[in-house]
Structures are given as C-alpha cells and as structure tokens.
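Undergrad: Copied straight from TrEMBL:
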{"type": "DOMAIN", "residues": "60-140", "note": "domain 'PilZ'"}
{"type": "DOMAIN", "residues": "148-232", "note": "domain 'PilZ'"}
C-alpha cells in the first residue's frame with residue numbers, strides 16, 4: 001500500500017471499479033442511499049476503525065491524514081482526526097485495512113464538510129462516489145465494530161431561543177434546523193462555544209439543556225450541533241418538536 005495516490009484518479013477508479021471521480025459528482029450521486037436510515041455509529045475507541053485518507057487528485061499533492069471512522073453509511077462516512085486545521089473540500093481516497101476481520105477497503109470520494117469538534121480535533125464528512133457494498137456493513141456489524149444508529153434526525157426548522165452559560169450569550173433569533181432524541185442542530189447569528197451548556201427554549205415554553213459539540217461558520221450565520229444532557233428531557237423536547 002503506497003502512501004500516495006496513483007498518477008491519475010481515473011486510473012485509480014478503473015483499478016477499484018469505481019466511477020464518477022470528476023470534480024462534479026455527475027451520475028454517481030443518483031445512487032446515493034438514504035443518509036439517515038442506513039447510518040451506523042462506530043464502536044468505542046478500544047475497537048475503533050482506523051483509516052488513512054489521501055487528500056488530493058495526484059501523488060504530487062496528496063496529503064495523508066490518519067483518522068478514525070466516527071460513523072458510516074452506504075453513501076459515505078464521518079472521519080475524526082487531529083491536525084492543525086480542518087480539511088478543505090477536495091477529491092480524496094479512503095483506505096481502511098483491518099487484519100482482525102480481513103477488511104482491506106479503498107473508496108474514492110470527496111471531503112464535503114469539516115467541523116472542529118475539540119481542541120485540535122476535527123470531524124469531516126467523506127462522500128463516496130459509488131455506494132459502499134452492504135456486505136462491508138454486515139461484516140462490521142457482526143464484528144461489533146459498528147452499531148445501528150438509534151437516534152434518527154428530523155428536519156424541523158423551528159424558532160428557538162438559545163441561552164449559553166460560559167461565555168454568557170443570549171440569542172433570540174435562532175432556528176432549530178433538526179432534532180433527534182439525542183440532540184439538535186442549531187442555526188445562530190453568533191458562534192457557540194464548544195462544550196458550553198445551552199438552555200434551549202421553544203416558543204411554547206418547552207426547554208432542554210444541551211452541550212455544544214461542534215460549530216461551523218456559514219455564509220451569513222453559524223451552524224452548531226448540541227447533545228442533550230438529560231436523555232428523558234431530550235426525548236420530551238424531541239417529541240414536542242415533531243408534534244408527538
């Protein structure tokens with residue numbers, strides 16, 4: 001296994017039987033499976049799936065990033081890694097080798113988003129240009145390397161007031177983009193502090209306390225993810241948002 005890409009992404013695609021490696025996704029995106037229903041969460045760090053991501057279209061510019069697979073679905077995965085800066089959107093190749101379960105996998109795709117999730121720690125989305133074989137998912141499930149995601153996210157687009165404790169911040173014009181029994185995705189006019197506690201208040205007075213786990217700057221606003229502190233409170237907040 002070389003630490004660089006082959007001389008051209010087209011040759012590599014032919015070798016791996018993968019198409020659609022152009023900068024635009026083209027026809028490959030038509031086969032993208034459902035992102036939520038087929039999503040799986042990686043096992044704890046003791047049995048983490050370690051991978052190498054080679055970012056760049058050629059061996060001359062490829063950057064090797066050692067990472068762990070945070071979650072996985074047939075259309076792509078989320079990668080967790082430690083570097084000085086988040087990865088930018090780019091063509092890349094993912095290589096996963098796990099001798100314990102006989103897995104040797106290479107997938108061509110592109111980095112489609114990146115977020116800072118801790119001090120020097122980042123998470124990036126990697127979208128495959130062709131769907132992953134369901135046999136790989138089945139193998140990882142049998143070996144307890146991944147588990148089925150139990151918290152499905154629902155897009156809601158609701159108004160929400162956000163109160164952050166440290167540093168103190170009060171945001172009344174925020175939007176609740178999506179919600180699951182485990183957490184929320186928020187759109188705010190100002191960035192939220194990682195690991196800060198948030199009080200979320202719906203227009204009807206329903207509240208929940210959450211902790212910020214990621215924040216990324218958009219064109220005119222900020223997107224953040226937060227997980228509920230109390231599972232019972234989180235489930236109630238979720239049920240109110242989706243009208244249950």
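Glycine too: its Cβ is placed from the backbone N, Cα and C atoms.
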Undergrad: Do you know the DSSP helix, strand and coil residue counts for the domain 'PilZ' (148-232)?
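TA: Looking at the domain 'PilZ' (148-232) with DSSP, the answer is 2 helix, 53 strand, 30 coil.
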Undergrad: What does DSSP give as the helix, strand and coil breakdown of the domain 'PilZ' (60-140)?
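TA: Counting residues by DSSP class gives 7 helix, 51 strand, 23 coil.
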Undergrad: Quick one: average pLDDT across the domain 'PilZ' (60-140), no decimals.
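TA: PLDDT averaged over the stretch: 88.
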